[in-house]
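Trainee: What TrEMBL records for this protein is below:
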type	residues	note
DOMAIN	42-270	domain 'Radical SAM core'
BINDING	57, 61, 64	[4Fe-4S] cluster binding site
BINDING	101, 133, 193, 265	[2Fe-2S] cluster binding site
Ligand code: SF4
């Protein structure tokens with residue numbers, strides 16, 4: 001195996017393919033070894049995700065229930081009040097979260113009053129001592145700098161899939177737009193959260209391609225969410241088959257080996273996984289989950305806080321403490 005104490009940004013497609021197709025138990029063993037070299041095996045970061053502006057998005061991401069053009073049963077909600085957001089963040093911290101992520105269903109950030117309000121929210125959450133993250137769509141360099149100045153710790157902007165498959169799931173922007181925003185975030189000195197979704201109808205080569213792009217960025221994302229498609233009724237992908245849990249385990253394991261220092265986040269899809277299946281994901285190197293008071297991950301189901309607490313106790317996991 002590659003020297004596990006080394007960070008590499010020159011992974012070849014062939015190397016990643018070999019890893020990806022390893023027998024599962026061998027792959028998990030390697031990933032677990034890398035995980036234990038770089039991280040505590042028992043510490044799992046709990047991130048709270050809050051949709052601060054829901055639905056009505058102009059984009060056409062085929063998996064997303066918040067795209068205005070699809071007939072989903074999502075309730076559109078305007079940007080939340082700062083005070084409400086801050087009280088949810090305070091409760092999230094009290095229940096063990098060390099990171100608070102705010103999501104707005106926007107194509108891109110506009111330089112308007114809503115952006116000013118988000119900047120105030122970022123300041124308020126930062127003052128609570130939480131890592132504050134946002135996912136607001138595309139960002140210019142100046143907007144990224146303003147978020148950084150307000151105290152933003154991380155920015156989420158997923159690649160979703162491979163460059164080759166991207167056009168099949170989104171037509172309203174191109175892969176290069178994603179990379180451009182990631183570049184703006186990095187230049188502003190904000191930590192990068194970037195991963196993808198499996199189960200969109202992509203091939204294994206597409207998954208390998210996405211991992212190749214992520215692991216060959218000049219600096220690996222500090223955070224890599226791996227999502228299983230949540231099949232939202234009314235979206236073009238509603239009838240796809242459920243993602244096989246072993247595919248999630250495989251993706252997580254390869255991401256862990258390629259990007260050893262990153263927090264690998266077991267993201268959408270947990271509500272359809274048993275505790276045993278989630279345990280396999282942790283064994284493969286996942287060290288973060290998302291929770292939310294509303295038991296929804298944006299607009300799709302997520303496990304109850306109590307269920308997660310019981311899972312942590314059973315598996316001997318502890319929430320990673322605050323920065
Ligand atoms: S994923 Fe984001 S950009 Fe795409 S439709 Fe949904 S809210 Fe809009």
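Backbone N, Cα and C atoms are what each Cβ position is placed from, and that goes for glycine too.
Just so you know, TrEMBL annotations are computer predictions that nobody has curated.
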Trainee: With an 8 Å cut-off on Cβ distance to the 57, 61, 64 Cβ center, who else from the chain surrounds the [4Fe-4S] cluster site?
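Mentor: Everything else in range on the chain: 59, 60, 63, 65, 66, 67, 105.
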Trainee: Looking only at C-alpha atoms, tell me how far residue 64 ([4Fe-4S] cluster binding site) is from residue 193 ([2Fe-2S] cluster binding site), rounded to the nearest Å.
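Mentor: Residue 64 ([4Fe-4S] cluster binding site) to residue 193 ([2Fe-2S] cluster binding site), Cα-Cα distance: 19 Å.
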Trainee: Residues other than 101, 133, 193, 265 within 8 Å, Cβ to Cβ centroid, of the [2Fe-2S] cluster site?
Mentor: 47, 49, 99, 135, 154, 156, 223, 225, 290
Trainee: Would you count the other CB atoms within 10 A of the CB of residue 265 ([2Fe-2S] cluster binding site), including those on all shown protein chains?
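Mentor: Residue 265 ([2Fe-2S] cluster binding site): 25 neighbouring Cβ atoms within 10 Å.
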Trainee: Which binding-site residues among 57, 133, 193, 265 have CB under 6 Å of ligand 1?
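Mentor: Within range of ligand 1: 57.
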Trainee: Across all the protein chains here, work out how many other Cβ atoms are within 10 Å of the Cβ of residue 64 ([4Fe-4S] cluster binding site).
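Mentor: The answer is 26 other Cβ atoms.
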Trainee: Can you tell me whether DSSP puts residue 64 ([4Fe-4S] cluster binding site) in helix, strand or coil?
Mentor: coil
Trainee: Quick one: pull the CA-CA distance for residue 265 ([2Fe-2S] cluster binding site) versus residue 61 ([4Fe-4S] cluster binding site), whole Å only.
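Mentor: Each residue's Cα considered, residue 265 ([2Fe-2S] cluster binding site) and residue 61 ([4Fe-4S] cluster binding site) end up 21 Å apart.
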Trainee: Cβ distance under 8 Å to residue 193 ([2Fe-2S] cluster binding site), same chain, sequence separation 6 or more: which residues?
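Mentor: Spatial neighbours, sequence-distant, of residue 193 ([2Fe-2S] cluster binding site): 133, 135, 154, 155, 156, 157, 221, 222, 223, 224, 225, 265.
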Trainee: Using a 10 Å cut-off, grab the number of neighbouring Cβ atoms around the Cβ of residue 61 ([4Fe-4S] cluster binding site), all chains included.
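Mentor: Neighbour count, Cβ to Cβ under the 10 Å cut-off: 23.
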Trainee: Near residue 133 ([2Fe-2S] cluster binding site), how many other Cβ atoms are within 10 Å of its Cβ?
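Mentor: By my count, 24.
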Trainee: So if I measure Cβ to Cβ from residue 57 ([4Fe-4S] cluster binding site) and keep only same-chain residues at least 6 apart in sequence, which ones fall under 8 Å?
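Mentor: Within the chain, residue 57 ([4Fe-4S] cluster binding site) has Cβ neighbours under 8 Å at 64, 66, 67, 68, 105, 106, 107.
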Trainee: Would you report the average pLDDT that the model assigns to the domain 'Radical SAM core' (42-270)?
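Mentor: Averaging the confidence scores along the domain 'Radical SAM core' (42-270) gives 96.
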